[in-house]
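Have a look at the structure below before the remarks.
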Amino acid sequence: MDLNLNRADYLQVGVTSQKTMKLLPASRHRATQKVVLGDHDGVVTCFGMKKGEAVAVFKTLPGQKIARLELGGVLNTPQEKIFVASGSEIRGFTKRGKQFLSFETNLTESIKAMYVSGSDLFLSASYIYNHYCDCKDQHYYLSGDRINDVICLPVERLSRLTPVLACQDRVLRVLQGSDVLYEVEVPGPPTALALHGGNGGDSGEDLLFGTSDGKLGIIQVTTAKPIHKWEIRNERKRGGVLCVDSFDIVGDGVKDLLVGRDDGVVEVYSLHHANEPVLKFDQALSESITSIQGGCVGKDGYDEIVVSTYSGWVTGLTTEPVHRESGPGEELKISQEMQNKISSLRSELEQLQYRVLQERERYQQASQSSRAVFAVPSFSINDKFTLNKDDASYSLILEVQTAIDNVLIQSDVPIDLLDVDKNSAVVSFSSCDSEIRSIEGQYGTLQAYVTPRIQPKTCQVRQYLIKPLSLHQRTHCIDHDRPVNTLTLTGQFSFAEVHSWVVFCLPEVPEKPPAGESVTFYFQNTFLDTQLESHCRKGEGVFKSDNISTISILKDVLSKEATKRKINLNISYEINEVSVKHTLKLIHPKLEYQLLLAKKVQLIDALKELQIHEGNTNFLIPEYRCILEEADHLQEEYKKQPAHLERLYGMITDLFIDKFKFKGTNVKTKVPLLLEILDSYDQNALIAFFDAA
């Protein structure tokens with residue numbers, strides 16, 4: 001990575017949503033550009049930089065929260081008209097701030113995503129997509145799952161309207177009018193769409209996508225079928241993608257890929273070499289990146305990456321050098337402009353400190369009054385609770401517009417708290433069991449009490465459901481050749497009721513039942529790679545899985561839910577004995593790896609002593625040399641090992657109990673013998689024990 005960029009903070013507005021900041025087109029090549037952005041206070045702010053200071057061009061009055069901001073205009077002309085979406089209304093402003101459009105869409109839900117192309121306007125609420133032309137309704141589509149973003153391929157290049165919806169169920173839906181032309185499966189829930197190169201690439205059909213689990217890719221959206229160009233996996237376990245842009249920041253004549261993530265990381269990928277992306281630059285800011293644009297804001301002639309963050313900061317990562325180079329024997333001098341800026345900032349800081357002291361004294365005096373009435377200060381929280389496929393754990397991300405004092409986590413089900421490198425918090429446990437990793441079958445609520453560092457002290461509570469099958473993730477294709485166990489429910493219940501039970505049991509299921517008389521969902525267990533098929537319609541629910549324990553959990557939970565609602569259920573099941581051996585074989589490599597890890601760690605100290613005694617490791621066999629080289633990594637992984645082993649032992653024990661539960665036999669007394677076999681693990685001995693019991 002040879003790109004060097006320097007940070008410059010320009011301005012702070014209110015809290016911002018995804019894709020609410022744009023750079024207006026420049027008057028000439030590499031001239032400074034104006035920045036326009038909308039915030040949760042409903043204010044549209046447009047500013048430019050002059051002598052290192054942010055100077056306002058215009059600022060609108062507060063109103064409803066701004067969910068999206070896009071630029072538009074007549075096709076093949078500079079796109080300098082500003083469109084903002086707030087509630088169900090679209091407003092349009094000129095680059096000078098004059099409002100020329102106020103369009104009430106009459107949508108029943110607030111607008112979540114927007115794209116503008118000439119006189120065409122593409123909008124989506126949570127599940128509804130609408131296309132307007134000259135503010136007249138043209139097309140409508142009801143999605144089966146939540147819509148996260150919307151875009152249209154460049155009509156000026158392709159002479160056809162091809163809108164694309166990014167949907168939560170890991171699918172891009174390519175539309176033609178009010179119908180789906182075809183669906184494109186992507187490797188995670190897509191959260192951000194952009195035209196490759198800003199214009200759809202060489203073909204005009206290349207679409208960039210980013211997912212909530214941090215993956216990136218390009219798909220060519222042809223009229224017949226999708227062509228997957230490339231994909232960047234999230235090997236470094238970085239945050240989800242919130243925004244992408246194309247801009248030549250490297251300066252090699254080829255547009256680079258700019259990426260903003262929800263963990264505050266900004267990345268630059270070069271596409272110079274055979275269109276294979278190469279990471280050229282990355283920098284972590286302290287907040288999620290809601291918008292990203294390439295351009296020139298701070299000073300003429302210096303390209304930069306401009307980002308807006310969750311709390312409303314507009315920040316530039318610029319190619320302009322911070323310090324002037326000094327020659328031999330020459331002292332480094334700060335420019336007069338910089339000295340003036342430092343002096344101005346010091347003066348502003350002193351004034352702010354004085355005002356804070358004044359307000360604090362006023363508050364103290366008011367609080368002692370017998371007639372004191374206080375308003376609890378409100379604050380905005382950005383939270384995300386997502387399942388990570390790689391290690392079958394959940395990430396809880398909490399972001400507040402001001403500094404966080406503390407977060408209290410409370411759970412009514414056993415969970416394992418896993419620390420991560422990105423976490424700067426100091427963790428302390430209460431006296432209860434410190435057993436965020438959930439156990440399938442145990443379900444309840446995780447509560448986070450968030451207290452920011454503001455006066456008077458206030459707290460907000462957020463709740464997150466830990467579902468009975470919490471480690472399952474939606475997928476679109478499963479292996480139909482696996483041995484399966486089947487659970488069938490029949491009774492006097494509606495399609496909506498049986499769908500609500502699936503929502504209660506499994507993550508990543510849309511809250512509303514999709515259009516039609518029935519629906520089939522496929523799931524994969526992120527820890528074991530077992531699978532589940534759910535088919536529901538009015539009066540019937542059929543669940544098929546290659547893991548008996550999954551069927552057992554569903555049977556217990558759904559029976560309890562139906563009893564609560566006084567619905568009479570007929571439950572039948574078919575158990576396939578072969579599926580037990582199949583599941584044990586899926587567990588085998590994970591269990592063997594964890595046991596081998598323990599053996600390797602036990603050898604490390606002895607091998608280090610030998611190394612010190614002999615002075616080198618040449619006499620060791622390659623396997624032992626490898627253990628010494630990876631000693632730190634092995635010991636770090638071993639710290640997490642008790643939780644891993646306990647989890648695997650628990651899954652095997654549940655499988656053993658569930659196998660015989662369906663036969664009407666209680667084998668809990670044989671569990672100690674099973675644990676003895678696991679301690680001296682041999683796969684064949686374990687399978688033999690399951691068969692003989």
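FYI, residue positions are counted from 1 along the chain as it appears here.
Cβ coordinates are placed from backbone N, Cα and C, and glycine is handled just like the others.
Range 335-369 is the one annotated as coiled coil, of 300-334, 335-369 (source: TrEMBL). Taken together, the residues of the domain 'BBS7 GAE' (435-464) have an average pLDDT of 85. If one looks beyond the coiled coil (335-369) by at least 6 residues along the same chain, the residues whose Cβ comes under 8 Å of a Cβ in the stretch are 51-53, 324, 455. Between the domain 'BBS7 beta-propeller' (21-319) and the stretches 435-464, 472-574, 577-690, Cβ pairs under 8 Å are most numerous for 472-574. As a summary of secondary structure, the domain 'BBS7 helical hairpin' (577-690) carries 95 helix, 0 strand, 19 coil according to DSSP.
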